[in-house]
Amino acid sequence: MPGSLPAVCEAAWPKDVGIIALEVYFPSQYVEQAELEEFDGVSAGKYTVGLGQARMGFCSDREDISSLCLTVVQRLMERSGLSYDSVGRLEVGTETIIDKSKSSKTVLMQLFQESGNTDVEGVDTTNACYGGTAALFNAVNWVESSSWDGRYALVVAGDIAVYASGSARPTGGAGAVAMLVGPNAPLAFERGLRGTHMQHAYDFYKPDMVSEYPVVDGKLSIQCYLSALDRCYSVYRNKIHGQWQRGQHSQLQTPSKGLDKRCSLEDFGFMVFHSPYCKLVQKSLARLMLNDFLCHPSPDTESGPFSGLDAFRDVKIEDTYFDRDVEKAFLKASSEAFENKTKASLLISNQNGNMYTPSVYGCLASVLAQHTPQQLAGQRIGVFSYGSGFAATLYSIKVTPDATPGSALDKLVSSLCDLQARLDSRKKVSPHVFAQNMKLREETHYLANYTPQGPVEDLFPGTWYLTRVDEKHRRQYSRRSMSAERPLEAGLITSCMEPEHIPSPLKKMPRIPCTTAGPEGLVISNGDH
């Protein structure tokens, strides 16, 4: 039976394993998509309406995957009041490769040096945009396994999404998300409820080892994404139905439905998706409603969300990936569900673009940042993660019912309350400057004995940045001072709440005082010197 598991196994697991704290980093500069339309000579609305994108964040040559991850990890540790010895597993999900052997995780270990903690499992995990989810699953599985030693797991998803000039370039972006994983979490993973689909396809891949740019088959990529969503949703529903039949989720059953209850969009308070661009996410929610409609034995087509959809009752789902009539009808039918369950998740995606592995978790952060703890408490959040090539999973998170002031959920939501202000505090640059930055990255990618040219003063306070790549390709980094001249930027390092000390899951774990931000000249590297 799908979702079946011996009760003795569940009894031995730590309770409510999931996300305790979450931090987001995105670049300090962006380009307006409307201005990029004019610069590229395309029709007005092609990027803003057709793709649903407003702004795109990007990195100069001062930032690489390791600097992004250094920044988001240190920011999470400082704002959470955590010491580095409370972390027993650290894993990075990324497809932005700067070394074919040495993992970005090993660079991050320099942040742990002062604590003396070198007993930290995990390395990098790679498969396009799915690597962050694979790393997160590994962290959850570690906490629930015999390998767990009582400490937290830390998961980092980070990427720089850049494309060659042309139609794909406006779907770029950059950023990183760090997530603290442990028991008694306000966002707990629902056990046994993962629907996964994996298949071979060349929809998006990076075979050129000396280029940041991917090879993309746009139409195939959309088909792979939507077909994976169909398959994952089907597997997920089979598993949750199995649990309901065994009464494991009897609190969700009503006397009128009981064991006849069918999983549908109604069972999710929020639904978030990997977001290559916002319009595809809106189509994806409509796709789930199409699945609900086709699987329902007798849908009401006279009233309610399925009203007027009789003509589509006999369509085959595998024939509808590019059916405009089906798409239009179900976009309209799902409009209210999109407004209530998914639209809020697109804040970062719309304003910053596709971050690859962090994309879906930026969407999760966007939901948390725009709702109160009371609005989130007790909700089920559906999460669909997709990575080209391809790998996909639909799973669910259950939000704790405890929304009281000072609760874990209250602290998590408060830590993200400055998200909109952070997005608004970025520096706007012209499409010409953006294009110059892309050309510079293209020309200097993988260069040895190179000193980056981008101005450090444009970075957010507390940002790690690349200072030099030596003749042996060893990279050195510094951290920008925490002080800043612009008030909004200064506020980035201070949460809307006072930093809260979070102890290790097991109190017996050793602790050290939390370190404060280092000086401007603090230097770390990705190799011995």
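The backbone N, Cα and C atoms fix where each Cβ goes, and this holds for glycine too.
Range with TrEMBL annotation region 'Disordered', chosen from 452-477, 478-503, 504-529, is 504-529. For the CoA site, the Cβ centre of Ser221, Lys279, Lys283 serves as reference, and the other residues of the chain with Cβ at most 8 Å from it are Ile222, Tyr225, Leu226, Pro276, Tyr277, Leu280, Val281, Ser284. It is 23 Å from the Cα atom of Lys279 (CoA binding site) to that of Glu95 (active site, proton donor/acceptor). Burial estimate for the recorded positions (His274, Lys279, Lys283): highest at His274, by number of other CB atoms within 10 Å.
For Glu95 (active site, proton donor/acceptor), the recorded positions whose C-alpha atoms fall inside a 10 Å radius of its own C-alpha are Cys129, out of Cys129, Ser221, His274, Lys283.
Residues near Cys129 (active site, acyl-thioester intermediate) in space but far in sequence (CB under 8 A, at least 6 apart, same chain), listed by position: Glu95, Asp159, His274, Pro276, Tyr356, Thr357, Ser359, Val360, Ser385, Tyr386, Gly387, Ser388. Among Ser221, Lys279, Lys283, the residues given in the record as binding CoA, the maximal Cα to Cα distance rounds to 14 Å.
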